Amino acid sequence: MIDDGNVLLAFGLTLFAGLATGVGSAIAFFARRTDTRFLAVALGFSAGVMIYVSFVEIFRKAYEVLATQTTEVLASWYTVAAFFSGALLIAVIDKLVPGYENPHEMHTVEEMDMGRAALPQDTKHDFVRLKRAGVLAAVAIGIHNFPEGLAAFSAALSDPALGVAIAVAIAIHNIPEGMAVSVPIYYATGDRRKAFLYSFLSGVSEPIGALVGYVVLRPFFTPMVFGLLFASVAGIMVYISLDQLLPSAEEYGEHHLCILGVFSGMGVMALSLLLFL
């Protein structure tokens, strides 16, 4: 079921996806304005890739694996249950992270400067409060990226070509997420470099999630467990797409740009799957 030769590749892809938060941080550090039209298309593209591959490839593959271990009826029930369990997991995590500390609440480069300018510079209490908020933001994105790392890792472990596509989609998703984390960190410190560093390092939780998941689950990595994990990965990615990527794409740009990105992502994913038939 699992080719150990794929482990390093899977881990490398997950590391690439996680550290893409640093790209978002760099944008917040160097850019003078946010290209919202590009972000709208990019986020829509990422959502299109995730939704298409989840329903067309991952969900089907999870069912096929489970069907080899039990009856077709039970395999269908297990696949559906694991799919919604994955969605529920990421929904609970999202619910537990409040308002501004949530890295899925999108912000822009311009907002960093406006927000900092509005802060009272000589209030020690506000400085402490904002520093605490910045730390919370770093912790929040770490929590969010943990299951995403496991998703990218498990996909690459099963099928390297599929893993590459998912890692790229998650990396695109992590770019504006890194920008969002940089905002409260910058509020707390007034230091763009520190905002970049904190946000960049918070992405490390993605490969850590992959590593922990692999170490913990490896002794139990039977076909049944793998099938359940794969179905839950599909649920996680569909939830991220519908709850976070698509609304953010709409917020950043025009509706038609978002839809263009979605179908472009689906088309690229469909073509890549056809080429590997």
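Indices start at 1 and increase along the chain as displayed.
Just so it is clear, glycine is given a Cβ too, placed from its N, Cα and C backbone atoms.
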- Item | Which of E72, E206 belongs with N145, E148, N174, E177 in the Fe(2+) site listed by Swiss-Prot | E206
- If you tally other C-beta atoms within 10 angstroms for each of the binding-site residues E148, E177, the top scorer is E177
- Selected stretch (most C-beta pairs under 8 A with the transmembrane segment (196-216)) from 7-27, 38-58, 73-93, 257-277: 7-27
- Message: So if I exclude everything within five residues of the ends of the transmembrane segment (220-240), which remaining residues of that chain have a CB under 8 angstroms from its CBs? That is, six or more out.
- Response: 1-2, 50-51, 53-55, 58-59, 61-63, 65-66, 68-70, 75, 78-91, 147-148, 150-151, 154-155, 158, 166, 169, 173
- Whole-Å Cα distance, N145 (Fe(2+) binding site) to H173 (Zn(2+) binding site), is 11
- Do you know offhand how many angstrom separate E206 (Fe(2+) binding site) and H173 (Zn(2+) binding site) by C-alpha? 13
- Neighbouring C-beta atoms (10 Å sphere around the C-beta of E206 (Fe(2+) binding site)): 33
